[in-house]
Amino acid sequence: MELFFITSNDGKVREAKKFLEPLGINVIKKPLEYPEIQADTLEDVVVFGLNWLKDKVDKPFIIEDSGLFIEALNGFPGVYSAYVYKTIGLDGILKLMEGIENRKAYFKSVIGFYDGEIHLFVGEVRGRISNEKRGLHGFGYDPIFVPDGFDKTFAEMSTEEKNSVSHRGKALKEFYRWMKENLKK
């Protein structure tokens, strides 16, 4: 089965391939542009994207949106994570966190799958914001996020280690389970 992943992010595609190729699913990156609405939840953003793309893509496809929610910043950057990353970056987040003791945060990922119907798969991971950027792997906020139970950032982990605990890894596991069950039908 071929599955389009509507994204320009090679890191997301690499992570999805590791989960889905064992099911015989060929994940193909398809970098189509689609509007990302400013909404209250990641789920709303993903559902809008699926509905916008469904008449433009001729194969089953997935999109994914994720956000970093920092407790001391009232959930900021949250649904605006991509925009905030592009504008103030990791240094901007670390500057906002200067002198703040409560560094608790969580990442949330929502994968939307369209096969004639809309299906959502959600994953979350709790952790904290590090005091500085660490690590060379991953992408986005990975160099400043330390998941609970670890002393290293996502950027200091291998793809396999990160996938075993990450928000996207958890959402991909849910999608994998669903696909495994429904591919048989």
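Note: Cβ is positioned from N, Cα and C throughout, glycine not excepted.
Keep in mind it's a predicted model, so treat the numbers as computed, not measured.
Sequence-distant contacts of Asp65 (active site, proton acceptor), defined as residues of its own chain at least six apart whose C-beta falls under 8 angstroms from its C-beta, comprise Glu36, Leu42, Val45, Val46, Gly49, Val79, Ser109, Val110, Gly112. Marked as active site, proton acceptor by Swiss-Prot: Asp65.
Around Asp142 (substrate binding site), a 10 Å sphere centred on its CB holds 22 further CB atoms from the protein chains shown. In the three-state DSSP assignment, the secondary structure recorded for Asp142 (substrate binding site) is helix. The substrate binding site feature in Swiss-Prot is assigned to Thr7, Ser8, Asn9, Asp10, Gly11, Lys12, Ser66, Phe139, Gly140, Tyr141, Asp142, Lys162, His167, Arg168; the stated evidence is sequence analysis.
In the three-state DSSP reading, Glu36 (Mg(2+) binding site) counts as coil. Annotation source Swiss-Prot lists Mg(2+) binding site at Glu36, Asp65, citing sequence analysis.
Ranked by how many other Cβ atoms sit within 10 Å of their Cβ, the binding-site residues Gly11, Gly140 place Gly11 at the bottom. Annotation note: Gly11 (substrate binding site) sits in a helical segment as assigned by DSSP. Per the record's binding annotation for substrate, residues Thr7, Ser8, Asn9, Asp10, Gly11, Lys12, Ser66, Phe139, Gly140, Tyr141, Asp142, Lys162, His167, Arg168 show a top Cα-Cα distance of 20 Å. Of the binding-site residues Thr7, Asn9, Ser66, Ser66 has the largest number of other Cβ atoms within 10 Å of its own Cβ.
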